[in-house]
Amino acid sequence: MIARCFSAVRGLHRVGGSRILFKMTLGREVMSPLQAVSSYTAAGRNVLRWDLSPEQIKTRTEELIAQTKQVYDSVGMLDIKDVTYENCLQALADVEVKYIVERTMLDFPQHVSTDREVRAASTEADKRLSRFDIEMSMREDIFQRIVHLQETCDLEKIKPEARRYLEKSVKMGRRNGLHLPEEVQNEIKSMKKRMSELCIDFNKNLNEDDTFLVFSKAELGALPDDFIDSLEKMDDDKYKITLKYPHYFPVMKKCCIPETRRRMEMAFNTRCKEENTVILQQLLPLRAQVAKLLGYSTHADFVLEMNTAKSTSRVTAFLDDLSQKLKPLGEAEREFILSLKKKECEEKGFEYDGKINAWDLHYYMTQTEELKYSIDQEFIKEYFPIEVVTEGLLNIYQELLGLSFEQVADAHVWNPSVTLYTVKDKATGEVLGQFYLDLYPREGKYNHAACFGLQPGCLLPDGSRMLSVAALVVNFSQPVAGRPSLLRHDEVRTYFHEFGHVMHQICAQTDFARFSGTNVETDFVEVPSQMLENWVWDIDSLRRLSKHYKDGNPIADDLLEKLVASRLVNTGLLTLRQIVLSKVDQSLHTNSSLDAASEYARYCTDILGVAATPGTNMPATFGHLAGGYDGQYYGYLWSEVFSMDMFYSCFKKEGIMNPEVGMKYRNLILRPGGSLDGMDMLQNFLQREPNQKAFLMSRGLQAP
């Protein structure tokens, strides 16, 4: 997931729908109010601070708003006949950079700080700045000057990226309703502010959720001793199990006690049920109302206009077609799982109810993998200690993309467990950026996996380049005494995926902050990172990523072959679940009056063939709905069509560690950032139109 943390260019990872894009940008000629605080925008430096107190966050938020508004006012007061590219558009773009960097220091701590008061202050800063973003994005005086510039400027005399910036600025102004009557603009503005606050609160509720359950050792049947030993023991000799991933998934995949899994699944899918259900009931109609005022039939139509899919009809056709193609495979997988369940119930004396429950799915899919491919993830993870995986991952990315990474000693970070690396071009030694690795769970920390863009890699007013900075935030299991953090293979895949976003952020070299890094279409943003997941299914790459944590021995070749062969296990059900989530997202954003829990339950039954547990409301836990993927969750599957096409037609064909192909990928897919349309970048790389053949093969299906 890409957490879109640039206020001016983002939407999240991230938390994105909670961010309102900074649509209009700020300016050069009125830089004087900002000079005193702009030293950190010097080229080639990471100027981010993570030690701000709650009071400093509040004070700096108000200062940033005052300084930025002064710039807007200056641009807005330009006589319309005196507007030029330099004093209007370029000026706005220059000041935008300063705003982004300062805003990052104010609103990112809500996701990673160990101090609850800092997180609260950061959340409030995010709300305050999001309201301000909306105010500034709806300045009709700025919009009028940009429209005038487009009408009078000699577009042939400005660079293509600047021309794109101008066109996007006008487009965003219209999508904000600045061409509409003032009373309509005010109505839109008011609703947008409320939507922003609701999105921030939705994700804050999930981040701050500290629900836990207590089980006896007997109730944790079949879970490995190392997992049990890592748990906090309660006074009554029972164990504390949280709903964080490092606890939840091991229980759901390996615990043989159905009642334990039922309780966990019920708790997991009722997190923040009351408060987030209320938020969705307010948020979805507001989105629909804004879309209607702007002239769109639905919110989904509004957001899809800017994506590669373009229309809800194309998305619906894609999802329905894929669902039908996967239906026979899903049925076969369900039948096999039911046979496993029936056999186990008979052997262990459990009641057999003749159906697959939501709390059965992960458990029996894990058994399927073990039986069909002799893959035991608990055994395999002993070969994936996090230090070995990290070293192997960094080496593969360096070799593939022509880069070098150096860990920064005594780095300024937000937690002692966080590390910082500098990225250089291997051939020239040019510093391209830096990235943080934040790998372990903490109280109040963002509880999924995402890449946060923190500092844009773009040009500064003096023509020098700002250092691009990103943070990879995940939640792998903590090391315990005598045993390092060990990753399941699916966690290794997640690591590769999110680091792919990091490389996109670092390797992009754009003129404007708005186009930096991962600021591409939402249904294209996953393409680069998904493509790089293929490396964790390659035997040679897996050898570089693994070593037994005790004796350093490699994984046996026959086990590696089985692991790679297991790629297609459960692919029908896993993909159908993605279709369920995509359909729910589309439904809620085409008919806002629908009940989210009921809609999810309907699609679970109709498409997945596994009923949602009564009393749960999974959409209330679905951060993407309030995190920049609203109406766009289909993008994960849509992007895979492109990512698989790139991998099989180029890397698989010419060698996955072929440095020439790697540089072609870096230059044609990563380097442009959002300065080109995603489909144009893809066609430049493929030298043809993309097709679904490789994607269908990756799902165990035959291309037509």
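The backbone N, Cα and C atoms fix where each Cβ goes, glycine too.
Quick caveat, the model's predicted, so the values are computed rather than measured.
Per Swiss-Prot, the feature transit peptide maps to 1-37.
Classification of H504 (Zn(2+) binding site) by DSSP places it within a helix. Swiss-Prot lists H497, H501, H504 with the feature Zn(2+) binding site.
Taken from Swiss-Prot, the feature active site applies to E498. Other Cβ atoms within 10 Å of the Cβ of E498 (active site) number 24 in total over all chains.
Here K664 (N6-acetyllysine) comes close to C650, F685: these same-chain residues lie at least six apart in sequence, with C-beta atoms under 8 angstroms from its C-beta. Feature annotation from Swiss-Prot assigns N6-acetyllysine to K664; the stated evidence is similarity to another entry.
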Next on the checklist: Can you name every residue in this chain, apart from H497, H501, H504, with its Cβ inside 8 Å of the center of the Cβ atoms of the recorded Zn(2+) site?
Outcome noted: I2, C451, E498, F499, G500, V502, M503, Q505, T518, E526, P528, S529, L532
Checklist entry - How big is the gap, in Å, between the Cα of H504 (Zn(2+) binding site) and that of E498 (active site), rounded to a whole number? => result 10
Next on the checklist: Through the lens of DSSP with three states only, how would you label K664 (N6-acetyllysine)?
Outcome noted: helix
